[in-house]
Amino acid sequence: MPKIVVVGAVAGGATCASQIRRLDKESDIIIFEKDRDMSFANCALPYVIGEVVEDRKYALVYTPEKFYDRKQITVKTYHEVIAINDERQTVTVLNRKTNEQFEESYDKLILSPGASANSLGFESDITFTLRNLEDTDAIDQFIKANQVDKVLVIGAGYVSLEVLENLYERGLHPTLIHRSDKINKLMDADMNQPILDELDKREIPYRLNEEIDAINGNEITFKSGKVEHYDMIIEGVGTHPNSKLIESSNIKLDRKGFIPVNDKFETNVPNIYAIGDIATSHYRHVDLPASVPLAWGAHRAASIVAEQIAGNDTIEFKGFLGNNIVKFFDYTFASVGVKPNELKQFDYKMVEVTQGAHANYYPGNSPLHLRVYYDTSNRQILRAAAVGKEGADKRIDVLSMAMMNQLTVDELTEFEVAYAPPYSHPKDLINMIGYKAK
């Protein structure tokens, strides 16, 4: 009976173990998770803080006990894999409660340790990061115990924006700072103006090109020279892959600490797979490497690895498109394809349309800005982005399907988009992009 060891019990690891059990009722499967919780909804965490998700239990999908009862898979929380001996096929595990170490053998090893939040490194009792349910509970408890009012949010990526919105909706007074003037880097820079407009509309303070110089209790000194007082600080300054456990092994890492994998999510070492935030693969529609630490990729990788281990080696990963979306107050920001800073590697043209998300005469209409970049050599779509109060998700998903099938920008004229006055136009924005490209 083969023994399968999984490192990490959140989206990638728990899903992969579950899929293996669905296909294989006999294997011995054990998951090691270094933190308190398994199988929680990462994407729900800002909304738990904002009390949009009113009960945190809805963010916790499984407990180890429930997981074992339903799937006969052992999950050990507070157990951190700290080393891998791929020649002996063992892992070294640290019990974080007792500080004891032991070795566990494996026939197949699945690495899904995820990523950790970066920190600016200041010693402060009021500073928090948000990466898991423990962090969420700590933030919520601190707010309640200390009657928090003023919160400094550092960073302007998706998580920071979602946290800021939810703090505001909870009735607190957040302020946003970011070390550069480039916010929400997955979007085109000039399409991010609605973020600043939404902040201005609600009189939420923000400062770009600003950084913290020192923290002394509740007194924050900024590099601009300003000194302000805050009850709480939440850092959203990016993440890094949890790859320290790899250093003892023969597994190759790239210069950023990610594990390169093939189309079966195999590493360079036999019997070891890597999925989720730690793995790097490639785009589907262009020949470029891609690291896309989002939920869809982790779940897709989990399914493919499960099939491989169960004996079906015909299924391979075809690549990422990087489809992503975020809500910020009244606006939705969505994009798909290569990142803005990767476009320079192509000879491309851009075409864009701004018009109502639905028929102009139907009430509640608002502008939707849609932009498409295409390769001039073959006219295939490289990237698309959309911003608006409604309809951005629909258009980006349609364009994602077009890119998946390597359609040209000209073929967008042929798309028969569902039309009724509350939803779109007889010639939708998708069609108009195709006509304008001609």
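The backbone N, Cα and C atoms fix where each Cβ goes, glycine too.
Take the substrate site that Swiss-Prot assigns to Thr15, Gln19, Arg22, Ser39, Asn42, His299, Lys427: the candidate from Lys71, Lys76, Lys264, Lys394 listed for it is Lys71. DSSP gives Asn271 (FAD binding site) a coil state; it is part of no helix or strand. Using CA atoms as reference points, the binding-site residues Gly8, Gly13, Asp28, Asn42 were checked against Val163 (NADP(+) binding site), and the closest is Asn42.
With the fewest other C-beta atoms within 10 Å around its C-beta, Asn271 stands out among the binding-site residues Thr15, Ser18, Ser39, Asn271. The Cα atom of Lys71 (substrate binding site) lies nearest to that of Ser18, taking the binding-site residues Gly8, Ser18, Asp28, Gly276 as the candidates. Mapped onto three states, the DSSP output places Ser39 (substrate binding site) in coil. Ranking the recorded positions Cys43, Leu161 by C-beta neighbours within 10 Å puts Leu161 at the top.
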